Amino acid sequence: MAALAPPIAAIRVAVRRALTGLPAGGPVLVACSGGADSLALAAATVFVAPRLGRAAGLVTVDHGLQPGSAERAEAVAGWARGVGFAPVESVRVEVAGRPGGPEAAAREARYQALTGVAGRHRAVALLTGHTRDDQAETVLLALARGAGPRGLAGMPARRDLDGVPLLRPLLEISREQTRKACAMLGLSPWEDPHNVDPSYARARVRADLLPALVRALGPGVLDNLARTARLVAADNAALDDLAAGALAEVRHPDGGLSVPALAVLSPAVRGRVLHAWARELGAPPAALSHRHVAALDALVTGWHGQGAAHLPGGLRVVRRADRLVPAGRAG
Ligand SMILES: Nc1ncnc2c1ncn2[C@@H]1O[C@H](COP(=O)(O)OP(=O)(O)OP(=O)(O)O)[C@@H](O)[C@H]1O
């Protein structure tokens, strides 16, 4: 028997690794746009999952943003039913009227739809086709906006999405491999016009910056950027553990946080303690930025006897004697 073509084998191995150890229960659900990455992921999942005794489902989201998007979603769903996915869902979402730019609004609508489907089918995991190249782009975009370690860690291979584990099995697989795998399997991926629309920063990074970096620094640069993300993520996990312990120690017996105990922490740990505490108070994590943490930090290290730190969600924190305390929601 002929050996399996390397890209297909590498993708199957990555999917097998991601699915191994998941709890028993409902299906794993692939989020598939019809693009090369998620199509290659889907093809590997429908092969691997049954061999691990699991059902594989697929969901495709129609953002309704381009002519023909409904037909594209139906084509993906039809293909999925034909190759044995069950359940298969094609979901239409409304993007208009959501806050933020069009990209963020589409992402939010998509994730809401995906978690809705995952919940209905009691899926044990949701899989997306983010690749090493997506990771390299994410790291570059984070560097360009001056992000700290959280941003430089890129996308995690696993995270919780409203109670459903979101897995990204292809983070060490290149986009070239997913394209090759699709071609070898006779699949015709959909080309998302947004991916080449130069009004999006990510599309410009993809089209111009990554090829220029490869030309200037060699083909290893994308793997290296993805490795940086993994290394920083490991350091983040260690710092988060330290911060969780420190948060328990700086809690003031009368409520709030003790300023003297915060003041002796290293700035990196203190920032994480304040970030975690702000989330506990109810600040929406997506809106919580380094500026909010800096405002809290200023109450500890630059206190002039008055003022408050304003957090997203209308929350206010003030300093009372030697404590930081929540002072309710602003108007
Ligand atoms: N319309 C959609 N329906 C279902 N899942 C989607 C949709 N759009 C994106 N996804 C999921 O999110 C992942 C990342 O999408 P994004 O568009 O950012 O990247 P991409 O590299 O263009 O991926 P792809 O080649 O799979 O479209 C996809 O691989 C897929 O798993």
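The backbone N, Cα and C atoms fix where each Cβ goes, glycine too.
Note: TrEMBL annotation is automatic and uncurated.
For reference, TrEMBL has these:
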type    : residues                     : note
BINDING : S33, G34, G35, A36, D37, S38 : ATP binding site
DOMAIN  : 28-207                       : domain 'tRNA(Ile)-lysidine/2-thiocytidine synthase N-terminal'
DOMAIN  : 257-324                      : domain 'tRNA(Ile)-lysidine synthase substrate-binding'
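Residue counts for the domain 'tRNA(Ile)-lysidine synthase substrate-binding' (257-324) under DSSP (helix as H, G, I; strand as E, B; rest coil) come to 35 helix, 14 strand, 19 coil.
According to its DSSP assignment, S33 (ATP binding site) is coil. Surrounding the centroid of the Cβ atoms of S33, G34, G35, A36, D37, S38, where the record places ATP, the chain contributes additional residues within 8 Å, namely C32, L39, A40, L41, G129, T178, P189, W190, D192.
Listed in sequence order, the residues of the same chain lying 6 or more apart from S38 (ATP binding site) and placing their CB within less than 8 Å of its CB are V30, A31, C32, T128, G129. Model confidence over the domain 'tRNA(Ile)-lysidine synthase substrate-binding' (257-324) stands at 94, taken as the mean pLDDT rounded to a whole number. Shown in sequence order, R175, T178, R179, C182, P189 are the residues of the chain, 6+ apart in sequence, with a C-beta less than 8 angstroms from the C-beta of A36 (ATP binding site). A simple way to gauge crowding: the CB of G35 (ATP binding site) has 20 other CB atoms within 10 angstroms, across all the protein chains here.
A 10 Å cutoff on Cβ-Cβ distances gives G34 (ATP binding site) a total of 22 other Cβ atoms nearby, all chains included. Neighbour list (D37 (ATP binding site), Cβ cut-off 8 Å, at least 6 residues apart, same chain): G129, H130, T131, D134, L170, R175, T178. Sequence-distant neighbours of S33 (ATP binding site) (same chain, 6+ apart, CB under 8 A from its CB) are T60, V61, V76, G129, W190, D192.
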